[in-house]
Amino acid sequence: MSDALPLLLRAARGEQVERPPVWMMRQAGRYMKIYRDLRDKYPSFRERSENPDLSYEISMQPYNAFQPDGVILFSDILTPLPGMGIDFDIIESKGPQINDPIRNLAQVEALRPLVPAETMPFVGEVLGRLRSSVGNNATVLGFVGAPWTLAAYVVEGKSSKNYAVIKAMAFREPEMLHKLLNHFAESIATYLRYQIDSGAQVVQMFDSWAGELSPADYDTFAAPYQRKVVELVKQTHPDTPMILYISGSAGVLERMGRTGVDFISLDWTVDMADGCARLPHHLGVQGNVDPGLLFGTPEAIRVRIDDTVRKARGRRHILNLGHGILPGTPEENGAAFFEAGKTVMDRIGARV
């Protein structure tokens, strides 16, 4: 086991590294047969993600198979909700279901402050075990959902195509929505601090549905609360790198760069060179290979990785997909992605 700090952590902190570190969003999941076999045995997603033995085992599956530079906690962005008094389930093929969607002020005011050590001790246990297992051979990543995206789920009650319910709240009862978003910002910051204290070395905030907002509404309902989370976490953990990801972020990329995070994770609809040009140079970039490319050939994967790394040259860069890996992706192409990422400098030359 190496004594040097892991590659991804060094890169995230801005050190000169020999190659871009590589991991994949949703790298533990349905494209892996070993995961599907475990899912058949334990069909409840909440059991898989909240039983510490199962969560740890699933988190380690891609590490054991592919040795990525990052090992991310197997969990869900909705996992902290019950600790605030919001029950949920995740139905296979349907996605999240909120049992009692939040639609009035009384429900917002009844939400509890999040105390992760009491309501989610399994998260801390898994992160600690991951750190012990991978040592300095990989970086342990934690993650959360951002306030707007959590609010979208709990107000809509499920995934949505047009977000009409939460947008109605935003434009008819904005004070109520701001109260909900503020509660989530404070709770999510508490949750991130807990993850870092438990072993997470780098953390990512997913605002998956902020791309559904106009730039002006992003400035009103998403960015201030992303910024609040970052500020609260940085007060106590200033040296922990933070990554922000939004799906469909092309219209708000510059705005993302003003939230205080250290890295912007680009989706694949933004050319890496364009993304780098649009963001301040002090910010790192993550991404951004189209996950659909992993249905192609290993050669196509190599070519795209080479192109992505070339375009990010001169920046702090973490190689990743532009979205989570898709179910049904050939497992051997997941392996090809990691192999091509680790050998990219042999093909394009020079240090990053």
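Heads up, the Cβ atoms here are built off N, Cα and C, so glycines get one too.
As recorded in Swiss-Prot:
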BINDING   ARG26, GLN27, ALA28, GLY29, ARG30, ASP76, TYR153, SER208, HIS323  substrate binding site
SITE      ASP76  site 'Transition state stabilizer'
Between ASP76 (site 'Transition state stabilizer') and ALA28 (substrate binding site), the C-alpha gap once rounded to whole angstrom: 12
DSSP three-state assignment for TYR153 (substrate binding site): helix
Binding-site residues: ARG26, ARG30 - member with fewest neighbouring CB atoms within 10 Å: ARG30
Neighbourhood of TYR153 (substrate binding site), C-beta criterion under 8 angstroms, separation at least six: LEU78, PHE88, PRO96, ILE98, GLY145, SER159
Site extent for substrate, whole Å (max Cα pair distance, ARG26, GLN27, ALA28, GLY29, ARG30, ASP76, TYR153, SER208, HIS323): 23
Residue among recorded positions ALA28, ASP76, HIS323 with least C-beta crowding, 10 angstrom cut-off: ASP76
